[in-house]
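J.: Structure in structure tokens, see below.
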Amino acid sequence: MRIGNLNVEIEFIADNIVRVLYYYGREAIVDNSLVVLPNLEKLSIKGESTGPSIISFSSESLSVDINTSNGELIMKDNKGGIVVKEKRRDLKFNEELSTYNVEQEFELSEGERVYGLGQHAGGNGLGQSSAYKLDYSGLSTTLSQRNTDIGIPFIVSSKGYGILWDNYSLGSISLRRNKLKVWFEAGKKIDYYVIYGDSIDDVIKGYRKLTGDAPLLPKWAYGYWQSKERYKSQDEITSVVKEFRERKIPLDVIVLDWRYWGKYGWNAFKFDETDFPRPKDMVEEIHKMGAKLAISIWPTFGKETEVFKDMESKGCIILGTTAFNPFKDECRELFWSYVKGFYDLGIDAYWLDASEPETGLGLVFFSPIHDVDLEIGKGYEYLNAYPLMETKAVYEGQRRISNKRVVILTRSAFAGQQRHSAISWSGDVLGDWATLRAQIPAGLNFSISGIPYWTTDTGGFFSGNPETKAYAEIFVRWFQWSTFCPILRVHGTIFPKEPWRFPREYQEVILKYIRLRYKLLPYIYSLAWMTYSIGYTIMRPLVMDFRDDQNVYDFDEQYMFGPYILISPVTLPSIIEKEVYLPSKEYWYDFWTGEKLEGGRMMDVKVTLDTIPLFVRSGAVLPLLGKNVNNAEEYWDVIDLRVYPGKNGYFELYDDDGITYEYEKGKYYIIPITWDEDKQELTIGKKRGELEMSKKIIKIIWVEKGKGIEHTKPDVEIEYNGKETITVKRG
């Protein structure tokens, strides 16, 4: 079938997922997608003539109508409502690059909002602007990989659909006057997928069906990460962990930043013995103290290093750079062979820094890779997919040899990267109030782009002196917010930012939130299971849960952490109250006081240095850790189960061994918990799953005014072994 000069093909991957493909010539160019999984099943749906110049394709959920006369493509839901309207498209030949530029235009509905596209906040002082907006109305956004800027060609609409473009080149998305204009620098075809759902969760689930699930990280990855640029010796880094333990501050991960290679040259995959004389002993000492070690690794190498010479001799260095080529199978395997040396030492996580890649050369958008022949194709065709392929090298490398879960921290990302156990962070941002505000919509857009694990340099990379109250306040507010991010991590340059570096009153607040993070771990880990098993999103723009309430569409500084907790971070200095919107058709509980409040309104919430506005949805059954721990791996044998009455509620408490991939084989357990509002009964069902479970003490608290989060005296205490159902009546 043709529209103008272009051939068009329509494929249904599922009832609610449609692929649209435009190309010149008789047959589509067949190549292996880097993003979309291979061998996806397709529905057998053929086009039918349904009117003059109209060809239609229909499933139970969607119909696609193509007007071969005027070129319009319209997708409708099963009630006839318009989902997507593509007005035009073009493949324009670019003589300079000898390829085609991709151009498209979509017509949006009045009031429709668009989210996603990765992370675009700036705030690093390198010329990028900080945008505080969550939706992209009135903006033009460049899709490229830069420090603090992550380009992902996936949008999500407030109407309940998403569009994923299978294109890896430099791109631009412009949204003005209800028109969405799309441009990519290079493409032999136009290739995109529309995903529709009853909810935005359905859209993200469809995105993961196309691009892969997000594996569970090990349990310790959801605890507290301490980092700085940099710990300069073996003695220094082990002494920091020791001090955490002596001060009884929970800690799971300590991070070793760059330059540990010393005399061996840039990123040599070796430790300089002057400062790191016994690296294996260092790792073992950290492990004995109940912590894990992450290490910085770069995609570039000093020309004097053995690894560079080896890579170059095997054709694995990209011409004109010192970066390895992750688009070649043998080069990914070679890169992993060097990373494996760290794995063999017992190192637990890999920090793949500057994975754009930052080469130290080139202009803002056009790195030296842009014009190079990568063998798979021209650099400009594959530019944005570099971090996807670098993380693939490490993830697949470790999975081939080990059942131990992979953990990758990386500065850049691309569509599909969630399948590589990759956590992204927002880059080298400034440590000021404006940048803090910008991080929130940046993280929300990244999360709704389908990649669930995200964090920041808490307090900013370029930060102030922790001994000053002005900076200490910024850090505390940032830390409070980071407690409710998928990953909690502190990092920065010049000044160390361990909790004890701050004035006493600020230090106490930091410790309060570290302990709160650990109380939340049973909830967070259960959300991680949902992320893997049903395509869930942990850090959630309000539009995901309250799409019927149009008031929430533009809230840049409020979001849901899982299904229950509403967060409104404090992002201005010295304030004593903050205006917060509680979504409609809900009752809410003040997290700190237990007071029940009606939704559908704005309200002024008082804040102190040690509190931010936090609210819990009625119907929540919130499982918290009921004891103090040093790290996330200690057994969760005491659970505080907080019940927030007001409507029916259900939650599944999940656990497994926390270390291996045995959960993929059913080695886990789930505890189903149900709150019946009419009967005022809590039912804890028999555990499901193949993993054996030791008994737990469950302390039940019926939340009401005066029973905020710091109220820990249970109303009912039960012993639970998972073998029988227990029902508890509220007294």
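Backbone N, Cα and C define each Cβ position, glycine as well.
According to Swiss-Prot, the protein has these features:
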ACT_SITE  D353  active site
ACT_SITE  E356  active site
ACT_SITE  D428  active site, proton donor
J.: Long-range neighbours only, meaning 6 or more apart in sequence with Cβ under 8 Å: which ones does D353 (active site) have?
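T.: Once residues fewer than 6 apart are set aside, D353 (active site) is near W258, S296, I297, W298, T410, R411.
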J.: State the count of C-beta atoms found within 10 angstroms of the C-beta of the residue listed as 'active site, proton donor', not counting that atom itself.
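T.: I get 22 for this one.
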J.: Just to confirm: which same-chain residues, 6+ apart in sequence, have a Cβ under 8 Å from the Cβ of E356 (active site)?
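T.: When sequence neighbours closer than 6 are ignored, E356 (active site) has Q145, R146, N147, S367, Y386, P387, R411, S412 within Cβ distance under 8 Å.
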J.: Please report the three-state DSSP label of the residue listed as 'active site, proton donor'.
T.: coil
